[in-house]
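A.B. asks: Okay, handing you the structure first.
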Amino acid sequence: MTLDWPGQRPTMLRTFTVLLFCIRLSLGMTSIVMQSQPELWIETNYPQAPWENITLWCKSPSRISSKFLLLKDKTQMTWIRPSSKTFQVSFPLGALTKYNAGLYRCCYWKETGWSEPSKVLELEAPGQLPKPIFWIQAETSPLPGCNVNILCHGWLQDLVFMLFKEGYAEPVDYQIPTGTVAIFSIANMTPESEGVYICRTHIQMLPTLWSEPSNPLKLIVAGLYPKPTLTAYPGPIMAPGESLSLRCQGPIYGMTFALIRLEDLDKSFYRKRPIKNEAYFFFRALKIHDAGHYLCFYYDGSYRGSLLSDILKIWVTDTFPKTWLLAQPSPVVQMGQNVSLWCQGPVDGVGLALYKKGEDKPLQLLDTASTDDDESFFLNNVTYSDAGIYSCLYLLSWKTSIRMTSHNTMELVVVDKPPKPSLSAWPSTVFKLGKAITLQCRVPHPVLEFSLEWEERATFQKFSVDGDFIISNAEGKGTGTYSCSYRIEAHPNIWSYRSEPLRLMGPAATGFLTWNYVLNEAIRLSLFMQLVALLLVVLWIRWKCRRLRIREAWLLGTAQGVTMLFIVTVLFCCGLCNGVLTEETEIIMPTPKPELWAETNFPLAPWKNLTLWCRSPSGSTKEFVLLKDGTGWIATRPASEQVRAAFPLGALTQSHTGSYHCHSWEEMAVSEPSEALELVGTEMYPKPFFKTWASPVVTPGARVTFNCSTPHQHMSFILYKDGSEIASSDSSWASPGASAAHFLIISVGAGDGGNYSCRYYDFAIWSEPSDPVELVVTEYYPQPTLLAQPGPVVLPGKNVTLRCQGAFPGMRFALLQEGNQVPLQFQSTSGNSADFLLHTVGAEDSGNYSCVYYETTMSNRGSHLSKPIMIWVTDTFPKPWLFAEPSSVVPVGKNVTLWCQGPVRGVGYILHKEREATSVQLWGSTSNDGAFPITNISGASIGRYSCCYHPDWTSPIKIQPSNTLELIVTGLLPKPSLLAQPGPIVAPGENMTFQCQGELPDSTFVLLKEGTQEPLEQQKPSGYRADFWMPAVRGEDSGIYSCVYYLDSAPFAASNHSDFLEIWVTDKPPKPSLSAWPSTMFKLGKDITLQCRGPLPGVEFVLEHDGEEAPQQFSEDGDFVINNVEGKGIGNYSCSYRLQAYPDIWSEPSDALELVGAAGPAAQECTVGNIVRSSLIVVVVVALGVVLAIEWKKWPRLRTRDSETDGRDQTIALEECNQEGEPGTNTSSPSSVSQETSVELPVPI
């Protein structure tokens, strides 16, 4: 990142430190003392000589600790482990000597290690008080008119604190606080409050003993200049590694600009001092940690700064987060209905595109402005072709490499009836003895009501909101076939298709047989038949023995033994069958009773946070139950591995006092109750007053301040969220008088919502908890709608109901009124709407109302605020306003829209035309805010119109009409002429008259001005002309005017527009433009034409040349011909003009135009020399050409002569060769030889 750091001079660094601190405070931040920083101070029992016996005390800010550490000169001196956890400990030093003088700090032990050290305490030589430390604290933004607190820490108690300002001999303020810190307040900061301040202390009983002065502190007032604008190029959402430029622009030149990232103010303060009124801060390669919230400001050489710019959020990510899509009123839509698709995601300032599965191109697009206004995608009059799976993606207007992640989809179902639900049974579809079955009817979207039907009984029908139906099988009447259906709130009269049937079975059902049952009965019957057969055999044996008179003992013994053995076998089989084929019965042993006790992590104040523990000696315990005063179960907890469970009670209040005991719960048994535990309340202070400085319904990123106050002094305060402690304040920081504490959330996030409360305490007594404040973080769910019933206009003393319609069931609703910080009403409902009743309304109930809904289980995450609705408590409707767009004077055949608008929303309007009995009526709040379009306008539309409200409910409230609008249709009569007197150019403050001349007498004339919807003035003179007088014209009266005339009786015709007349209200006419043709440079023998052009006709132009007192030329058409004889044409020219009707008024001169070219004696001499040199070159070239021509003519003769000489020489050489080749042959003459020889030799050239 290419950025410049501020200078390193000590004064500049100190000033920037204060300036950065001011910026922190203006953004709702504070850096006075870290929450984990302890406090260090001195106590002594010798007020007049405190160095005789010194004890250092170290105190943790908000928690108890087990170890404290004292540091001297950045080295460990000693550490103390108290016998029990406490808030503060003492370190006795005794008499101050040169050995124990030095710099002291202290720390305390936290769960994660040692805390931050305290502020540095400097103990000097005996006879001197320690040097105080000095810093600032602001209650509000350190802008002009705000309050600033300066804190001075003197280390000792009961000191006198003096505040001095540079340039003043006497102190500007003094204080005698009870603690070790004095707070000096500077109210209503002005530039006169700037300066260098110091703080000194002295002992109250010994005024001559002063401390050393503290380090000086320079106060600077910020916000004296207008705020700049901060923009990002190419866009606020970029990928890592890409480049980004942040532009900070202000209205003043020569300032120094600074850029700050809110997430790291101390390390991200960058400055630049450009020449212009803007500065660019470049990020060459973005990183993930560069993402955050940025702002900028500028300041002058005295470090007086501007207001802070609006916060700009920069995203640095390689993947876009997911978007989610929601259908309203439901994803199941009946054919012909309308549905809106809400697409939202965590990224702001980006457009959105709606896609449908199976189509490549997006169906609809939303730009950045639309997404900021919470617009949605609309599907009107849906059909089966609109059904399908929809999704939405981000739409960027700049190039980036950010990847689009997978996105959540939403299926839109278009039916003539809602689709059928699913029906299931838990735990199964078979009844067990003494057990019931829960039927669960489910659909994937919100519904209004479920219905359960039993096919065996036509009159049976059950209803449920959550879809759960409990079915018992008493006397076998639960078995059968069931099905369910539902209806949605958008269409409460249409029930869905029935689900698939589900059959429930059980032992008591008629005709119900199982294999176990059949086998059991068969075995029982066979055993009974065997027993009967055995008895018959025994009787037959006895009868035989008597008849045959056999009396042997062994026969009877054998028969009896066989009989007994068979009986034992039968009994064994019966027991076995009964044990196997019937249900098992467990043997339940008694469960021992558990143990109940209380624990706390505040030994000095055990009532601050109590937890009840229940422990069971049985290892099979599944769950624990806590009871209070025998009134029933108040809480259940699952058992842990140690077979115990915790029941947190939080801070002990009067509602917690009573007798407690617990049970352990196993699968089939509950234990005896534990021994009773009595919680007895102690004496308590009354509850504090708890509120937020602004509304508790906030948007993400907002600043929230909780104020907890009490009439008791010097108390410590604790802030709770959902019953858990999250912050505390020390009584030493409380201002004198009524104690109060401010708890600040710098930037609210989605997880900061919830129920907040506070308590105060001293080291002996606690207060009752305050009334809770519900903090709602909005912009998480879709916007609700707010309607007034019967209407938004109510008579005094009547009732009105405000219905807030949300998107999800089971939410909590809040009603808000503009001007009230606290919501008027809260309401929790099982449906998705809530009705708020305003009873017996009066004039004070008039105003704008809005609503919000939020979930109570997830940090009070809420919806966007609904659009405000205005409630009027009056006996007469306010008067609406009627106007025409684009104008009430319309050419024939064009279109015009008459708008009837008023402050009351949600009502219809009626448009009246004078002398007509019928009215054009437009119903409802969805009528484009009272728009009455008239297309292809004709003469029949001419007339006077008015409008009024038409509520769609019965109301005795009086209705008054709007203003009268006269609609004029032009183009039916000849156009008039328009003149301005004294002329089209008038000085400011003078009078002016427009004269409109028509063709028909007794007409109505209208004066029009371009850019104005309504006519400026109307007149009905007795003749053919109307004079429109404009006294003391001003600059804004400049413009283009026209006029028309019309007949206000039949046939109600109007003329065409007159010719347009441009009027200039100025002391001087506007300057003309001056150009040169063909160019601004002279050429040899060529002239240049200067063309002077102005915006007004009928003028005379004059041309002026620099260096000449009198004008050079005059022209009526603005063309001036300039020659350059003897170089007099070059130089700077300008022109002006005057109106022929006003010869004394000249316009401003045009911009200067410079003509350049050859001029002067030196240039002429240079030209003559060039001509001479050129002539000599031509003569030399001609001479060379003549010589070459002569030589070329000689060339053929020289070539012939050379060829003959070469042939003769070659013939002689050939003859000599032949003579050497034939020695016996006589030598012949050359001619004979040449005749006899037929050999030809090539002649080299």
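Backbone N, Cα and C atoms are what each Cβ position is placed from, and that goes for glycine too.
TrEMBL lists these features:
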- 1-28: signal peptide (SIGNAL)
- 38-106: domain 'Ig-like' (DOMAIN)
- 321-392: domain 'Ig-like' (DOMAIN)
- 419-484: domain 'Ig-like' (DOMAIN)
- 522-541: transmembrane segment (TRANSMEM)
- 553-572: transmembrane segment (TRANSMEM)
- 686-778: domain 'Ig-like' (DOMAIN)
- 782-870: domain 'Ig-like' (DOMAIN)
- 974-1043: domain 'Ig-like' (DOMAIN)
- 1200-1245: region 'Disordered' (REGION)
- 1200-1209: compositional bias 'Basic and acidic residues' (COMPBIAS)
- 1227-1245: compositional bias 'Low complexity' (COMPBIAS)
A.B. asks: Taking contact to mean three or more C-beta pairs under 8 angstroms, with sequence separation of 6 or more, is the domain 'Ig-like' (321-392) in contact with the domain 'Ig-like' (419-484)?
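C.D. replies: In contact, yes.
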A.B. asks: So how many of the residues in the domain 'Ig-like' (686-778) end up helix, strand or coil by DSSP?
C.D. replies: 6 helix, 48 strand, 39 coil
A.B. asks: With the domain 'Ig-like' (686-778) as the reference, which stretch in 38-106, 419-484, 974-1043 has the largest tally of C-beta pairs below 8 Å?
C.D. replies: 38-106
A.B. asks: Any idea what the model's mean pLDDT is for the domain 'Ig-like' (321-392)?
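C.D. replies: Mean per-residue confidence for the domain 'Ig-like' (321-392): 78 out of 100.
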A.B. asks: Where DSSP helix means H, G or I and strand means E or B, what are the helix, strand and coil counts for the domain 'Ig-like' (321-392)?
C.D. replies: 8 helix, 31 strand, 33 coil
A.B. asks: Would you list the DSSP helix, strand and coil counts for the residues of the domain 'Ig-like' (419-484)?
C.D. replies: 3 helix, 35 strand, 28 coil
A.B. asks: Per DSSP, how many helix, strand and coil residues does the domain 'Ig-like' (974-1043) have?
C.D. replies: 3 helix, 33 strand, 34 coil
